[in-house]
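Here's the structure we're looking at; comments come further down.
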Amino acid sequence: MSKFVFVTGGVVSSIGKGIVAASLGRLLKSRHYSVSILKLDPYINVDPGTMSPFQHGEVFVTEDGAETDLDLGHYERFTDTSMSRLNSVTTGSIYQAVINKERRGAYMGGTVQVIPHITNEIKERILRVAQNTNPDVVITEIGGTVGDIESLPFLEAIRQFRKEVGRHNVIYMHVTLIPWIPAAKEMKTKPTQHSVKELRSIGIQPDILVCRCDRPLHPGMKEKLSEFCDVPVESVITCQDASSIYEVPLILEKEGLAHQTLELLRMENRSPDLSQWQSLVEKMQSPHHDITVALVGKYVQLSDAYLSVVEALGHAAIASDSKLHLRWISAEEIEAQGAATFLKDVDGVLVPGGFGIRGVDGKVQAIEYARENQLPFLGLCLGMQCSVIEWARNVAKLPEANSAEFETETPNPVINLLPEQQDVVDLGGTMRLGLYPCRIAPDTLAFSLYQKEVVYERHRHRYEFNNSYRTQFTDTGFVVSGTSPDGRLVEIVEYPHHPFFIACQFHPEFHSRPNQAHPLFSGFINAVLKRRNAPAKIAVNCHTVTEDHEPS
């Protein structure tokens, strides 16, 4: 039978529960325990698929096509384990399931209530994760902050859960904040005391406290927290701020988090093997090169909107012994001031996914600049579609080319709606989602990176390359290097007469791992590094001249 760890958060939101849950998962896996991590989100949306990136951050897509919270990306990257739609639960999905059951008569005419019907559905979802893959430990993160009205059904459900599966099969872990008060020149435990008091008022006594702080907790502070929160002093864990999230598992291992967890669950505390993770962190902390990459997007004011892209770039930078300087550039500002203003001193350009017409022309201009100036370029999803539009307008002599998403009456719809999307009305959960195969053409950049004939990547899109223009593109030098197995759907495009110019319809960032960077990102960063270390080249009327590269 699986054991269960429930992670709650107190004092403030964005306390880092997801990183703590993911780090615990890594520590347990280092002891050869299997782990699955579940996120319970208190918002009433069925999933985050239709939410604004400014409100929610990125939508992380699982292999089975679920649109989920970005924390699932942390879970996958830290544990190197793929999650599924079972690992993401929202209040909206719970209520939807209960109401559907009521409509079918499943409750035999009874009054449907939060207790027991909503709480039973929540418990059923937790058990479903355990039954699906039978992991040794299921870690469940409860979204929101203790005290929020939205979280109450989830907290009540996990309170009941312990009684039903056995006391020694469940522990409660509370992540909280110990703030430093500059005026008093001391750390304060009172917010944590009140947070634990709130948790205890609904029947949950935390077994472990994970204390977020910007400096070490001294022993006296731990003893105080132990006394007032009724937690053994050895279960008061310091989680001090770190320069990278990948340091957190090592910090928590040193503090004894995994040891305390296993002891409370009556599991063997096996010897951990964190040597690879330690090497990863050491390599990240001592880079030999500096590179600058421009990320040209629509939602650059909120970095979480592109979280997996940033992480994937970081993984590739670590692998190449490089320190990545990421320059966030608004596509709309490029429209106003021109691409050269922002891109003249970067080493590479990445255009990520997105939706809507705002900023599209700026992305197209950025891609044109990268192509003409021999800047390494990587396009993802909408980034690929923009590269197709750029090529059509500037090389294939179709100046009015556009995507049907942005201009329904364009005379040259080089990007068109997928046929299966023609009659779709609802927005939520209706795109081409999840893992699909891609067949890669030999003797292409894509094949040199993947070294495979068929790869599987995650998708999230409604529009595709319009095959009516494929011959016109290939005749002008554009290469279709990856397609669906039947050859119909264009998955990867590239321009061979360029140091590195490749774009894909899928989202490779979702498959990148700290210890195994994705091939497309590795290739991109290696090309960026090669350019950085070589004499600069500037395009002049399709020819290149070499200049001395000024040190920076």
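For all residues, glycine too, the Cβ spot is worked out from N, Cα and C.
Fair warning: this is a prediction, and the values are worked out from it, not measured in the lab.
Features as listed in Swiss-Prot:
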ACT_SITE  C381  active site, nucleophile
ACT_SITE  H507  active site
ACT_SITE  E509  active site
BINDING   S13, K188, T189, K190, P191, T192, Q193, K224  UTP binding site
BINDING   S13, D148, I149, E150, K188, T189, K190, P191, T192, Q193, K224  CTP binding site
BINDING   S14, I15, G16, K17, G18, I19, D71  ATP binding site
BINDING   D71, E141  Mg(2+) binding site
BINDING   G354, L382, G383, M384, Q385, E405, R462  L-glutamine binding site
DOMAIN    292-534  domain 'Glutamine amidotransferase type-1'
REGION    1-267  region 'Amidoligase domain'
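When Cβ atoms from all protein chains are considered, those within 10 Å of K188 (UTP binding site) total 14, not counting its own. Comparing the Cα of K190 (UTP binding site) with the Cα of every entry in G16, D71, I149, C381, Q385, these being the recorded positions, the smallest distance points to G16.
A sphere of 10 angstroms centred on the C-beta of E141 (Mg(2+) binding site) encloses 27 other C-beta atoms. Considering only the binding-site residues K17, K188, T192, G383, Q385, the residue whose Cα is spatially closest to the Cα of E509 (active site) is G383. The two recorded residues, Q385 (L-glutamine binding site) and H507 (active site), show a Cα separation of 13 Å.
Put plainly, the recorded positions I15, I19, I149, C381, M384 were compared by Cβ crowding within 10 Å, and the winner is M384.
The separation of G354 (L-glutamine binding site) from D71 (ATP binding site), Cα to Cα, is 19 Å.
When each of the binding-site residues G18, P191, G354 is scored by how many other Cβ atoms sit within 10 Å of its Cβ, P191 comes out lowest. When the binding-site residues I149, P191, Q193, L382, M384 are compared by Cα distance to G16 (ATP binding site), the shortest distance belongs to P191.
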